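What TrEMBL annotates here:
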type: REPEAT; residues: A:242-276; note: repeat 'PPR'
type: REPEAT; residues: A:378-412; note: repeat 'PPR'
type: DOMAIN; residues: A:593-685; note: domain 'DYW'
Amino acid sequence: MRCQPLILFLSAFSYKNVDYCHCPRSLFVLLDIPKQPQSHFRFAHSQCSSQSQSHHFPLHSSLFSLVEPIICQNPAEISSFAAVFNFLTGRNLLRLGRQVHAQMTLRLVEPNAFLGAKMIAMYASSGDLDTAVTIFDRINNPSLLLYNSIIRAYSLYGYPHKTIGIYTQMQSLGLQGDHFTYPFVLKCCASNVWMGKCIHGISLRIGLEIDMYVGTSLIDMYVKCGEISEAHKLFNGMIVRDISSWNALIAGYMKNGEIYVAEDLFKRMVRRNIISWTAMISGYTQNGLAERALDVFDKMMEEDSEVKPNWVTIMSVLPACAHSAALERGRKIHKFANEIGLGSNVSVQTALVAMYAKCGSLVEAHQCFDKIHQQKRNLIAWNTMITAYASHGHGLESVSTFEDMIRVGVQPDTITFTGLLSGCSHSGLVDLGLKYFHCMTKSYFVEPEVQHYACVVDLLGRAGRLVEANNLINQMPMQAGPSVWGALLAACRKHRNLELAEAAAKKLFVLEPDNSGNFVLLSNMYAEVGMWKEVDNLRAMLKNRGMRKTPGCSWIEINGKAHMFLGGDTSHPQAKEIYMFLKELPEKIKGVGYVPDTSLVLHDVSEEEKEHNLSAHSEKLAIAFGLLNTSPGVVLRVTKNLRICVDCHTATKFISKIYGREIIVRDVNRFHHFFDGKCSCGDYW
DNA sequence: CTAGGGTTAG
């Protein structure tokens, strides 16, 4: 094989699309390796340092034999090596890169600033920042290009201090930085407006603010520092505006909760790309408007055929399905993701696991997790699966998944333990949970945080060990947050400890003054023991603060369409049938042992809600609607915005028995699988 | 070179 064309080819291919027709056949081996999306940067980092490295690079020796002739024929050619490193950049081929590097060293090729920059780019993109830094340190006559590549590396790895340090060092050498430097330096000012403003000033002084990339980076910087008006000012003053400048501003307004401004900007855009659409979709999701997110996704698919959804788009729309428990929608998007070749993207797969779990289909969630290639299973993927099991009350599976994760050498983090501990508490695995809690620092190097304490308070509390739970709160090394007191309050409700409940509620009224749920819970406890004066006091407090009890709301998806019910709702077209069904229900299930729990009827907060008697609870309406509109054997999946009430829980158990149905209810904090008269929570929720 | 991003407790 002649080598010069190969070098030319490699360098050309690294920059632009190349006409494939003239390539030697063997080169297709090289061509088949896609450039990795940038996120692999971060993950490659941890993957490469784990022991399973060798599985990543099965192609190395054959690839190396392709690259070798170039090196052999031009042993001292800096440009040959530069072309090869350039090609390897972004392809996650660390070992091959190291082989080339070794050959280079053997042939006594000393890298200059140009070659050094290419090497740094290769190492940084393959997850080996340390080597990139070493190379940088050894180059004697650094150039702007060299500085840019190390700044890029540091900034993408998320080391703001290092980036700024190198940038300062560069300045002290008299190198100003160019339009390639500033986007990366600005990325590091995300939470430091002061620094951002300094860099902004410098870029103005050297006349870079007219650069599109620098301009957009400045907008993004101000957005990330929470100074949206500053960002908008910059946007207005920009001479050359790009789609990305609009996108950055739209995303900023969405993050700031100013949806209308974002919508207006989006409407005013002359041209939109996939990022504009994705910004809208994820913006809606972030602001809790899942339905709108799904609508925008559909609209994009209908109206804008130019635009092609990518993995970020899919990842942004799946949480919207999860949020609204739209299982059918989620399945469709899953199919679509497979069609456009995103089926083996870890991030998409992880989003799928979460979506299926949150839509109540633990089976499909697990199937998706299984399909994630062993080596690609990163921290987030494991966390998602552990949390999925936890929310479905499969504590033992949470634990065994956690142990698998440890076995394959993935280091757990704080979220892993919240998942694991909540799994233990949802399943009543008190001792196991306590064991993990007590050894998490020593064995796994994860320091307990507030949310872990909340899980353990919940764990002890559900089991009735209220005094221990309370003691734990007193021993906490940090301030107990709302989640901790909330867990204690819920436990006190379950085990009827009014004294502790009052203490917990008192804290919560201060910590969460807008959460009516705490008032309602305590009021229900007073009512249970007939302390009506206290009930009245709490009602008055609610009223004074202008709050109302959050109305109960449930929905069920049938044939891909969501049907929503409020407590006592009569507005549904089939309301008559539903109420007829519910009227006859108690008599039917009394036959198999149902005893209505009417205690809660008396405790509704406001008078007008008294009419919403037990049979009209929103979850019952949804279940009745489901039974009336599906064929026998179909699984019913109901989602509720609050916790399921005791009577509905009991009734649903009996319904599952006499109708032979599997009914899956997602309430605010967990899943209940009803089947054959039993619930997966074991009445432990 | 810039813009969009999957996992968190009651």
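We number each residue from 1, going along the chain as drawn.
Note that Cβ sites are derived from N, Cα and C of the backbone, with glycine treated the same way.
Keep in mind that TrEMBL annotations are predicted by a computer and have not been checked by a curator.
If you take every residue in the domain 'DYW' (A:593-685) and average the pLDDT, you get 83. Within the chain carrying the repeat 'PPR' (A:242-276), a Cβ under 8 angstroms from the stretch's Cβ atoms is held by residues 212, 215-216, 219-220, 222-223, 226, 228, 231-232, 235, 282-284, 286-287, 289, 304, 307-310, 312-313, all 6 or more beyond its ends.
Broken down with DSSP, the repeat 'PPR' (A:242-276) shows 26 helix, 0 strand, 9 coil. Residue counts for the repeat 'PPR' (A:378-412) under DSSP, split into helix (H, G, I), strand (E, B) and coil, are 26 helix, 0 strand, 9 coil. DSSP assignment over the domain 'DYW' (A:593-685) gives 37 helix, 16 strand, 40 coil.
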